[in-house]
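Reading through the structure tokens given below for one structure.
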Amino acid sequence: MAEKTPSPALPPEELNETEAARELEALAARLNEASRAYHVNDAPIMPDAEYDALYRRNQAIEARFPDLVRPDSPSRKVGEEAAAGFAKARHGTPMLSLDNAFAPEDFAEFAARIRRFLGLSAEEVLRFVAEPKIDGLSVNLTYEKGRFVRGATRGDGTVGEDITENLLTLDQLPRELKAPFPERIEVRGEVFMTKADFLAFHAEQTRLFEERELRRETGEKVGEAVRIPVNPRNAAAGSLRQLDAKVTASRPLRLFAYAQGTSSSPVAETHSGYLDVLRGWGFQVNPLSTLLDDENASADFQARMAERRAGLEYDIDGVVYKLDRLDWQTRLGFVGRAPRWAIAWKFPAERAVTKLLDIQIQVGRTGALTPRAIMQPVNVGGVMVQHATLHNEDEVARRDARVGDTVELQRAGDVIPQIIRVVDPEREGRGEPWVPPTVCPECGSPAVRPEGEVVRRCTGGLICPAQQVERLIHFASRNAMDIEGLGIENIVLLHEEGLVKTPADIFRVKDHVSTLRGWKGWGGSAKGESKKVQNLLAAIEARRSVSLERFIFALGIRRIGEQNARLLARHYHTAEAWRQAMLDARIIGSEAREDLGGIIGIGPAIAQELVGFFSETRNVEALDDLLREVSPEPAEAVAEGALSGKSIVFTGSLETMTRQEAEARAEALGAKVVKSVSKKTDFVVIGADAGSKAKKAAELELKTLTEAEWRELAGFGPA
Ligand code: IVH
């Protein structure tokens, strides 16, 4: 499973519009990928907590830039649409989710809300049916004239996938209801795998996976990918959503029925009565489902289930409480996506103890090195776990987890669990404390952790395989090389197919036209290339010459954003001069280093990143390779002294640079910075909330500049 560490993010209010747009694009791609992986492919690629954090980030940026909300934004959809390959099935009534409770107070509030809504007094008894909450896949089963006619997944709640054929392979699914039954009814329930079946299935898939890997390593042709399920839910979902029903038939799936959708006529007055009807029709109903005498019995039931949980055949993550009276259910209705008459009271996070076998390093797409724990596989509440994230090196140090230690794990609804403590820190003969690597395990480049930062990063920039895709995406993006038609999707494809590894490779794609044409959707007629290939190649050719600032920015050197790239371009003028200066600047105390440090706006940290990039020979090789393909246009330098002899006043606050930076720049251009406005003042730069000086400038009819105009004049270019 790929764990990817996002780069340290700026607060949304510090993003400019282009940065925001780029990040929203990346977030949409990543979140949609994760959502598809979870809902459609049943193969989660990130922990729920990470998904939530990214989702919130997306929302925060959208709140600040409402015009940039994308049509494919994850905030615009609920759940995942039906997967390709299955017909769509619209539910008679929507399939909803449940609100969660975690503590007795939450349950009390739930019951109080019911009373308030129905106007019931405290004396009125509320009876609930308690049902163990099995984490499987919910299904909607339609019966007409007592015959099973269609079965569907939940999908986005309104439209699911038609999996009738697959459901027909389940022994526990009644094909015909025992009379009497309504003309048409939707029965809902959960398809799941027992723990024992899951463990056997997990072991079998692991074996198949390893066999396939071995064959692949020896160069043999291998068939379709083998998926190792991460938990029983995942296994059940994957089994049920097979395009080939024969595969489903071979998997040990079970079904409990527990709810109803549309019904052409009422079948019961209470939920407990409905469960009896379901049993009569021939469904399996969870035998632990219990009608409670009053609402206070819920805490007891919850405690009893928590105790029995480990011994149950199947995995449960809580108990669902449903108000028994159906007339009350109808009156209560729904709020948002959940009914007011039911709640899922969840158990606390699951824990288990196992042995730490190794601490490995993963390199994220942005070059961040993240330690990851490899453990003796252990069953944490029915889920086989062998990896845990350690977040960062400080965390490893804090927990002092060492190879060979026994550790306690916690899984809090996440796919990837966490190590919460070392169980035997006093053990004799314990290993050495873990030491973070100083070179990147992927590419061998130095891995450095700047002072004051938590993340260690690979300096291998352009040449590190783990970072290649991200770098290429940046390289081709709108504000960088702006290669039309070379979006994320195509880059990923070109990279996966091995055609493009470094930026220079993009310019050699033209040598692989026949390969491109062989791809689905890319093919042309016998006579010529398809428009798609033609357009892409033309877009690439068009960018063989770009401005030097775009070129420098496109390299994706850390801290070299558009603004700094522009400063460098203006200062060094040509690509050759810049390249040579950066190489020379590697030597501390050299003239080139001093010169670099003297550029206004380029602080020591930025200089360090540049020097770091140029200290890695393979980065320089990749750059030189690129310079053989692309010829950056020399930048027009703003002549030093362009403002020579002029006097300038800054007033109000500038948004894109500090006052200090603005004044230093003005001085570098030969201007005299003065504090007060007079007849002799040549320019007055007016920032936000400017006061009396702006007024005076107007009175004296002086030349005033907005911040944007000042940027232009000083050669900063647009913000
Ligand atoms: S009732 C409107 N009953 O939990 C009622 N759901 O978070 C919605 N689930 O998608 C469902 N056991 O997959 C209900 N006894 C039970 C359940 C149950 C498991 C799952 C189901 C649903 C999810 C809601």
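Glycine residues also receive a Cβ, built from the backbone N, Cα and C atoms like all the rest.
Where the annotation comes from TrEMBL, it is an automatic prediction and has not been curated.
Here TrEMBL gives region 'Disordered' for one range in the set 1-20, 421-440, 441-460: that range is 1-20. Same-chain residues with CB within 8 A of the center of the Cys440, Cys443, Cys464 CB atoms, the Zn(2+) site residues themselves not counted, are Val363, Gly367, Pro441, Glu442, Gly444, Ser445, Ala447, Cys458, Gly460, Ile463, Pro465, Ala466, Gln467. Nothing from the recorded positions Lys133, Cys440, Cys443 places its Cα within 10 Å of the Cα belonging to Glu50 (NAD(+) binding site). Applying DSSP to the domain 'BRCT' (638-710) sorts its residues as follows: 22 helix, 16 strand, 35 coil. Proximity to ligand 1 (Cβ under 6 Å from any of its atoms) holds for these recorded positions out of Glu50, Asp52, Leu98, Lys133, Lys322, Cys440: Leu98, Lys133. With a cut-off of 8 Å between CB atoms and residues at least 6 apart in sequence, the same chain places Cys458, Gly460, Ile463, Cys464, Pro465, Ala466, Arg618 near Cys443 (Zn(2+) binding site), listed in sequence order. Within the same chain, residues at least six positions away from Lys322 (NAD(+) binding site) with a Cβ under 8 Å of its Cβ are Phe128, Val129, Glu131, His271, Gln329, Trp341, Ala342. The distance from the Cα of Asp52 (NAD(+) binding site) to the Cα of Cys440 (Zn(2+) binding site) comes to 29 Å.
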